[in-house]
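Here's the structure, in structure tokens; my notes come after.
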Amino acid sequence: MEDERPIRPQVVGPQIGTSAGNFFQTDHDLLVQGRRAAKRENKAGEPIEITSKALCLLLAEYEGRKTVKLFKGHTGPVTCLGLWYKNGEEYLITGSWDQTLIKWNTKTKEQLKIFSKHTDFVKSLTIAHTTGTLYSGSSDRQILSWNLDTGDLLPVIMKGHTRGIEDLVFDESEKHLYSASSDRHIRKWNPATGECLQLFEDHLTSVYFIRVVDEVMWSASADKTVKRWDLVTGKVDTTFTHPDFVKCLVELGPYLITGGRDEDIRVFDIGTGKIIKTMEGHFDEVSCMAARGTMVYTGSLDCTVRRWSVTAKDLAQSTDAEKSKSEHEPSSSSLKNNTTANTKTMLTEEEEKELAELIGSDDE
């Protein structure tokens, strides 16, 4: 009698699973997983769970804790956001690793324009509201300018950075544009002509974030520092050291609030330069933040958005343990001078790690 059992095909070639338990893991990997699993239960900051890793945060009016609108169209991670208003209408501008920017009607969620001249990841954008001009920065090392009404690419193209453009921001007059790059430099531009007016080069490696207020510029970097620049002299007047990469910051009255790769949020006294409180809750990199009133909102690669009250009363509750922790964080003298990476490679080491984290498994 013949065997009528079905013939099972022979599996040839590698079989790759997605569970972390199926792979070799170092003691450090296991410790990180255990720590993050424990922190996952931390409800500090009233976490709002989202379905993906937060890369950019923009505050708007909202009610409740549920998703109100979902904009779909990009085919890669969305890295930057902006709002533009004209004739009573509100428009959302988004930039993505799919090399495009999209203009949306926020009421209907309709895609109105697609801006598609970059040749690599779009990582930053800012808007000149007085002229209705969009500026975008990319890993292709260029800053492009666009007419927000027509979607046309404008002739002014700013070149000079040797690595990707991590952040873009205007001063309050919108007469000068500032750009931060993973080539460690910050540049000041005339946006009308595309001329580079000034080069700031005190950081040792990638600059992720910049903000300009009055005659002061703030910058956050992978060299584990935040720097405050006097724009009259062009010099750094204060350096705030951290134990790991710093990805974002806000200035709130007398306080500087920062977030970065080590998952904690730090509050510094700007006058003294000393840390006065550390807030724990996120269990992965703090990638973005924004402030309104005395509230700071933070987004993280842990797929949560949290909010924190920053008042004198809240900060007075800083524990001795927090103060002790700040005393053991590295000073600027412990930072090593990193050489600039080979400019022929489009991705920096930090960008390669960022890409791996974004597309990698979440099974931790």
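Positions of Cβ are set from backbone N, Cα and C atoms, glycine also.
As given in TrEMBL:
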COMPBIAS  320-330  compositional bias 'Basic and acidic residues'
COMPBIAS  348-364  compositional bias 'Acidic residues'
REGION    316-364  region 'Disordered'
REPEAT    71-114  repeat 'WD'
REPEAT    115-156  repeat 'WD'
REPEAT    158-199  repeat 'WD'
REPEAT    200-239  repeat 'WD'
REPEAT    279-318  repeat 'WD'
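Averaged over the repeat 'WD' (71-114), the predicted model reaches a pLDDT of 96. Long-range contacts of the repeat 'WD' (279-318) within its own chain (CB-CB distance under 8 A, at least 6 residues past either end) are made by residues 35-36, 39-40, 42-59, 247-250, 252, 255, 257, 259-261, 263-267, 357, 362.
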